Structure formats: structure tokens, C-alpha cells
Amino acid sequence: MLQRISSKLHRRFLSGLLRVKHYPLRRILLPLILLQIIIITFIWSNSPQRNGLGRDADYLLPNYNELDSDDDSWYSILTSSFKNDRKIQFAKTLYENLKFGTNPKWVNEYTLQNDLLSVKMGPRKGSKLESVDELKFYDFDPRLTWSVVLNHLQNNDADQPEKLPFSWYDWTTFHELNKLISIDKTVLPCNFLFQSAFDKESLEAIETELGEPLFLYERPKYAQKLWYKAARNQDRIKDSKELKKHCSKLFTPDGHGSPKGLRFNTQFQIKELYDKVRPEVYQLQARNYILTTQSHPLSISIIESDNSTYQVPLQTEKSKNLVQSGLLQEYINDNINSTNKRKKNKQDVEFNHNRLFQEFVNNDQVNSLYKLEIEETDKFTFDKDLVYLSPSDFKFDASKKIEELEEQKKLYPDKFSAHNENYLNSLKNSVKTSPALQRKFFYEAGAVKQYKGMGFHRDKRFFNVDTLINDKQEYQARLNSMIRTFQKFTKANGIISWLSHGTLYGYLYNGMAFPWDNDFDLQMPIKHLQLLSQYFNQSLILEDPRQGNGRYFLDVSDSLTVRINGNGKNNIDARFIDVDTGLYIDITGLASTSAPSRDYLNSYIEERLQEEHLDINNIPESNGETATLPDKVDDGLVNMATLNITELRDYITSDENKNHKRVPTDTDLKDLLKKELEELPKSKTIENKLNPKQRYFLNEKLKLYNCRNNHFNSFEELSPLINTVFHGVPALIPHRHTYCLHNEYHVPDRYAFDAYKNTAYLPEFRFWFDYDGLKKCSNINSWYPNIPSINSWNPNLLKEISSTKFESKLFDSNKVSEYSFKNLSMDDVRLIYKNIPKAGFIEVFTNLYNSFNVTAYRQKELEIQYCQNLTFIEKKKLLHQLRINVAPKLSSPAKDPFLFGYEKAMWKDLSKSMNQTTLDQVTKIVHEEYVGKIIDLSESLKYRNFSLFNITFDETGTTLDDNTEDYTPANTVEVNPVDFKSNLNFSSNSFLDLNSYGLDLFAPTLSDVNRKGIQMFDKDPIIVYEDYAYAKLLEERKRREKKKKEEEEKKKKEEEEKKKKEEEEKKKKEEEEKKKKEEEEKKKKEEEEKKKQEEEEKKKKEEEEKKKQEEGEKMKNEDEENKKNEDEEKKKNEEEEKKKQEEKNKKNEDEEKKKQEEEEKKKNEEEEKKKQEEGHSN
């Protein structure tokens, strides 16, 4: 901070000074500037940041020797100035370990006082506990768990294996869940972990109490109102009754329900998982489920490198962690003087798990009690270059195995292990399971919302680590650790498995998985799958702690005797699950079944039918698929597992069974019946007309094996398996692996630049790059001014580019880029290495460096396998020396993921207390050093003086094992003596330089004039001498298939021509018919038109006549009407006149009458008046 302020003030003063033109004023300002510089320098030199670390980081510092650098580049002066600063040297060493150290060594020790009793999170963060009895929670650390458990096992004097107390809390990480456990005040309802996104009010209350975020994945989005509203409105459990099925509240011992009294648990128990929520919600839900509900493993299986396994039975009834079981206190009591460090007069205890592990494996009593020996396997099989399988490996008699186990249980009940009991129950259930009615066994977290679809690649129970999706280095480290541990585990126990599907395809290029793969696929014979289930199902597999910190739960399906697809709910037989993340390896078993073979096997089946003198139209039936299953089940009814789909339909629809509660409805079989009776007969497989019993007979006879997802392999494709290296550890692959891949994928024939899913494979790097990132690192288009451009692009070659046929469909629109990457010089390779960290792709550079030796090994293996200048026996001897002398030197191509997370957290803490500019300088120095190292490695590989391939033999005079007997051909094979000539004489030389042998695959396109690379992957390498004959057979088969295809195409073409000619003749005839018909129709139409015209004219004439007549009638009628109207008018007028006269007469009469009346009235009035007058006079 001070340095930034100083720089800012400098710029302001200087800019102000430059604007001042008055000379005397400048004279005043100059001393002021100098004074400012002196003050800032003094403050900086006395600040904690001056040394790069604050006081709080002192506890991180281990004792490291100073590192020297002979580099003469620009940073040498800076490096030398750092050498005397121990804290900065620690930062440099820590960063080197974090990015480029794959050796699983801890940078510090784990102790009671500094680690276990120091509270690292929650309301009491920073405080120190007095004893382990005060622990409310603690973070998982393998050093703690291993030390306590190993101490207990070694101090156990029992003569029988003891069942070890167990809690998931001690065997997987609960860091985020511990944050919930640590809180004392905030009370949470059950629905907190079942809403689509966290309730913000509860979340903020938790984080206020914690003093840190509850989770990291997309945490800032909760501050976005629109996003939060949308996230909260998604699906969630709203009904309280439904919620009770999933969750129940836990109360403290005092019964008050306060979280303060809870230890090693949250406030609720998750009883059933609900994954329709966001990842940060589901992570805590799933972790709680593991802690409170997930059943215990039956054992822990401890691997000693890849040599042996120790199996310790576990208590499965009640969960007890290291504190609750008393094992931790026992360890403290036994090791109270294990360290001389003291703090506040308290003795400290160190947890040195590696020392204890070495004592454990060297302890004879431990070996007698816990070392596992599987009589049915041969661990020495893996010492050979080739592993030969037997057809019996693909068969399994379930009924016989059940009888055998029940007899053991009866005779030796005390020695009958929990694994045997579990396996016996599983078999009993499996033999009663119909393929059409099986239930789904494995569940993924596929419904987790807004997680980029990654939930489908996580086991639903063990889903965890919300930041893993955003850290590619940690993600690849997780996958790397998982496959390495599985390979060491199977080798240590003699269990045979091999790489398959996409995992095998990834191996083909560089001996590692494709970077876009999220899991691994392995296959094994059904016999070894059953052994895996019997001895290790429900076991927690532990990696040798000296080699890594992997912990994996082996989960095997309960329907292993079901070997066909059925309803498709159980294509996977077993999973090897990372308990920290839920990532897994898919394991599938191969066996002879009644499944219809795939059409790519048609040619093989036709050849084998001829050899076996069989007719596809007359194949016998076999009950072998269900022969080992019981006919009846416990209720005395027919075992439906013995019925094929049509038999099952007939059984459940019969009158005597259709109402039985045990029998499903026929609607459950609708899709399967459609596949069997409608789709299969129309398919291209040669077996499309066979019933299930015929298919089983044929598949078993021809040694065709398949998994439950209908992936088929012939015995010859698989055996002998090739002992090779994958991710730096021994692994097996199918004998004809390239042939297998061609049947499943569109594998390019040539080893060269390749592209897929916006990634590009560069043979010079033996690495799959993100294409956009690669373009930036090569700067072909000169878009990035600070990154030098490679020189392989020549503008004068546009003509050549336009005429070049580019094999990569993805890059047809990017011919310039593809051409450039097919013409990389060594200078270009150096430049790309330098540009990768400069462009900011640190994870890419880390992966390139850490995997360099592993990918170089695969390159050398390919160079020897496909070299035409070496005889058969020379190849075999060289490959043997490569495997036994070079492979053991390979280190892991990625860092142990737990150590990576641990050191990443240390680096994060360091970054908070150390000046960022200094940190940037440290990382830049490290990058520059490792760029130089990888360029040196690349040059030595290019110029064939790579030290890894220099082998020094034992000079004691002992005969060197060259494994020659592994390649002795059968007596029936015709041998060419030249193939067994060898100029290699290891016994007379003490040194072998493998650099001198094989093809040059460093830059395969440069050695090809057409820039297409080296054609290799169109065929398999010669592994056994019989492969020469098989290669000829394969060529003959290809020739026949080609000829057959050509004949089919010719026939098809002739048929098309014939059809075309017939169609043309038909068309011509149709046109003639049409023309004739049109003429007839025309004539007919004309006649009809003429007739119509005549009829219209006649009709018109008739209408005119009629109209004329109607008009005459109308006129007559009008005259009559007029006359009538006139008469009526006249009559009306007369009547009106008459009426008028009558009214006039009447009026006159009325007037006359009125006049008379008035006169009469007047006369009367006069008379009355006269009378009155006469009366007055009287």
C-alpha cells in the first residue's frame, strides 16, 4: 500500500513540476520532492510489509534451505536480493510447491496446539482451547486421522481384528458444514437447506456470526436483486409434510434447541436428499446427509503403494469420531512427548502419520491381523508385459457361490466377515432380479440447478466442493488422484481391469485422459467384478499416505448377475467414488450374454461361424444364461429372473398369475417387447433373427462378451492385455485397443495435429490445448502486442494452403491456424512455452510441466511400437526395459488435490499479508525459472538426449530379465527368423539409451512432406507374434469387406440404374398415357364445350322466348292492373265524392239543426224574459 502511495505522490509532484515554468519555483519544489522521498522510504523500511509478511503469517514458516538460481536473465538481480530474505524465500518455495511440486510432502507439521486446539472459524475464531473435550468441531486433516487410527491399531494387543469406531466426520472434508456447526446463536429451520437458493436474511445472520462467507461459489450474486428473485422462485419443497420426509430438527442435550450445545453436528438431520436446488445449498445438504444418515462402510482398505492391502473392519451401528471414541485422547496420552515445542508451558503433540504408517506396514502382528490376501487372484500377473485372460474369467456361477458362502457361514460363523455377509445377501437378491424389472442403483446429482450440467458427473450422496468447477488445476488433480489410486488398488490385489471407451481413447495420444472428460471408464471380466464386490463392496479405500491423500468409497450394484441391458436402469456395475467431491470411476463387467451383438462384429462372426462349422440359420439354443439361477423364489413362485422377455410376458399375462401382487403389469414390458420383437429383426446385426437362447449359445461359443450397456468385445480383442502406463502408474489396456476404438469412435489414422471440441492436440507438446488460448499463445494473427508471434506462418504459402486437404473438420475455416500448428519449428515451441504464462494461462503451463515425463513416456512407447526398423523381438525387449526401468521413475502428473487445497489456502492467507507487488515478482521469477526448465526438457526430447530414457543396468553380473519368454509364438504359427534377430545385448552393456531407438514423433508433421503426420492409428501395434498373422487376416478381412462393399455398391448401382431405367420407361409410358388421355380429355372437353354451347344457346333462346312471353304477360298484366287501378281509383274517387257530399249534407243538416236550436233557444229566452217582465209588472 505504501509503495503504491509513494508512486502516486511521485507522479503528482513530477507532473506538477513539469507544468511549472517559473525557475525560482522549481528550485523550491525540488527539495520538497527529495524530502518526500526520504520520508516515504523511512516509513516503508520500518513497516511490516517491507518484509513481505505480517506478524500473523509467522506460524506458516517452515525451515527451508535457501534456493539458488544460476539464471542470468533479467530477474537474476532481483532473485539474489530475495535470497537473504527468509520470508520471501518461503513465499517462493510455497508457490513452487503449489504449482510445480507433485511430491506429496507437507510444508509444515500438524500439532495439537497450533492446529487442533486453535479455533480457525466461527464466533470463537482465534481462541485457544484447553483440551480436546472443548472441541465443538474440527476440520478433517489426513495427518490427524491417520496418526490416531494407526496408533490405535498398532497398540491393540487383540489376536483378532478389532472393529474400529467410525464416523464420516474423520474421513472426508466438512469445512463448509463446520461453519454451520460452529455458530452459537442463529437458529435455522429445516427448509434452509431445501430452498432453491438460501434465504438471504438467514444467510446474512450466519455470516455475521461467522465473520466470513458461508460459501464461495457465486456468493456475490446474492446481492443482485433480479438474480436473487429468480433463483428463489425456482422449484423447492413447500409442503411441511413433504419436508419432514427429508429433514428433522436436532436438539441439544439440554433440550432447549439452541445450536450452542451441539457438538460435531448441525441443527438438523437430512434423512433424504433433494437436489433441485443450487449447488451451494445442495453441498451443505449432502454433507449433512453423509454425516447424519449415510450408512458406514464395512471396512477401511489401506493400500501400501501398489503392493498390498490392509483391511480393517468398522463399527457400523453407531457413529463415533476420534473425540467421541476416545481414540484421540489415547493418541495424546501415548505421544505427549512427541515434540519439543512448548507454548504457554503446555506440551505439544505432533501427528506424524508417515512415520506411523511405516511402522504399521513393518509390524508383523499388524500383517497377521489386517493384511488381505485374495486366494482367487495372482498379484504377480502384473509383473509381466502381457496379462493373459481366460474364457472362464467371463463366466460366473451364482448358485454355486451362494452355496459356498452359506457353507462357510455355517462352518465358521465367527470368521464370516461383514463383507462376505453383505456379498451373500447381494447375490441372493440379484439372482431374483429380472433384467426387465431391475431398480436403479446409482444416483447422480443431475438436478442441481445452475451448475453447468456438472451434477450428472457427481454421486448424489458425496456431492461437495462448490469451488471445484472454477479451478481447472484442482479438478484435474482430483481426477488424476482418483485414477492413480484405483490402478494401484487393483494391482495391489491382483484384480484385473482395463481402460475402455473415452478413457482408452485419451490414453492413445499421450497416456492421459482427455481434458474434457469428467470421469473414467474401466472394464473387467465378470469373475473379477464378483471378487471386487465380495472383498471390497462398501469399503473405504485409502491411498498410501506417503503417496497421496485419496479416500474413495467403493459401491457395487446389488444386481451383478443381471448381465443384459434390460430396462436400462443399471448400465454401471460399480463406482469408485471420491468422498470429498462425488467424482467417480465407472466400472462395468463383461460376460457372455444373450444380448444381440453389434453390427461391426458381423464380419468376425461370419469368419468364426465358418471355423466352427455353424449355420446362422440353424443355431442351437442354450439355457446357460439362467442355468445357475434358482427356478423358484422364497414364495414358491417362478423366479422371473430366469425368464427372457417373451417368456416373462407370457408368464405375467396368464390367467393364473396376472392378479398376483408380485407380478408386474405387462405395460412395464412394452418398450422391451418392442425392441425384441419389432426393432431387433430390422437391425443390421447378423443375430437379428435369433432368439435369446440362440444368441447366448452363439456369443458364448464365439467368445463374445458385453457389458450391460451392450458394448461388445471378442476375446481376441482383449487378451492378452498390455501392461502400460496411464497417468504415471501401471495400467492394462486391451490387446487390440486401436481396433476397439475404431469400432466405437472416428479415430484418425495419423498421429498429428488434431482437434476436437474447440481443443487442439499438438504432438510437440503432447497436450490438448484450448484452441482460443493456443491462438493467443502463438499470436498468429498478431492481435496481442505484448506477445511475440510464432514464425511457422508464412504468407507466401497461401497457394499451398488453398490446395491442402485439411483433415480436421472443426478447423476448415481456420486453415491458417491449422497450417501453422502443423509446421512448428523448435523456435516456435520455445516461444509458445514462454508465451503461455505471459498470456495468463498458468494452469495450462502447470499441467504441461507436471505431466511432461508421463506424456514423454507414452511418446517413446509409440515410437518403439510402430518403428519399422526394429525387429519384433527388439521391440519387445525395448518396451520391456521401458516399462521396468523407466515407468517406476515417473512421478504424478498432478499434485495431490488435498495438498493442493491446503497450500492454496496458505497462499491465499499469505497474499492477504504480503505486498502484492512483491508477490507478483515472486510468481514471475518462478514462472521464468520453470519456462527455462521445460524448454530444456523439450529440447532434450527433441534432440534425443532425454535423461529419463537413459538406463543404467545392475553391474553385479546378474542376468538381466528381458521377458523374452513372454513372446514365444505358438507351435502352430509360422515364424520368420528375421523377426527374432536382435542386435541388442543388454548382458554385455551396463547402459542402454532408449533415445536411440524408434520413430521420431516429436514433430510428426515435419517428417511428412504432405504435413499429414505419421500413419499409425489405422492399425494396432504388433504385441504378440500371432499379430502378424492376425494383421494379414485383418487385411484380408478388410479386403473382403471392401470387395463386398464394392459388390454391394455395384449391385446397388445396377439396381439403381435398372430402377432408374424402369422408372424412365414407366415415366415415358405414363407420359404417353397422359398425353393420350389429355387428347381424349381435350376432345371430350371440346364436345362437351360444343354441347354446352348449344345447350346454352338453346337455353338462351328459350330464356329469351320466355322473357318475351313473360314481358307480354307482364304488359297485359300491367294493363289489366292499370285498368283495375283506374277503376279502383275512380270508384275510390266516387266514394270519396259521395262521402264528401254526405259529410257536406250532414254538415248542412247539423248547421240547420243548430240554427233551429239556437232560434228555439232564443225564442224561449225571449218568452221567459217576457214572462219575467209581466211578473214584475204585477
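Cβ coordinates come from backbone N, Cα and C, glycine included.
These come from Swiss-Prot:
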- 1-27: topological domain 'Cytoplasmic' (TOPO_DOM)
- 49-1178: topological domain 'Lumenal' (TOPO_DOM)
- 1041-1178: region 'Disordered' (REGION)
- 1050-1057: repeat '2' (REPEAT)
- 1058-1065: repeat '3' (REPEAT)
- 1066-1073: repeat '4' (REPEAT)
- 1074-1081: repeat '5' (REPEAT)
- 1082-1089: repeat '6' (REPEAT)
- 1090-1097: repeat '7' (REPEAT)
- 1114-1121: repeat '10' (REPEAT)
- 1122-1129: repeat '11' (REPEAT)
- 1138-1144: repeat '13' (REPEAT)
- 1145-1152: repeat '14' (REPEAT)
- 1153-1160: repeat '15' (REPEAT)
- 1161-1168: repeat '16' (REPEAT)
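For the repeat '2' (1050-1057), the mean pLDDT of the prediction comes to 84. Taken through DSSP, the repeat '11' (1122-1129) splits into 8 helix, 0 strand, 0 coil. Counting residues of the repeat '2' (1050-1057) by DSSP class, helix then strand then coil, yields 8 helix, 0 strand, 0 coil. Mapped onto DSSP classes, the repeat '13' (1138-1144) shows 7 helix, 0 strand, 0 coil.
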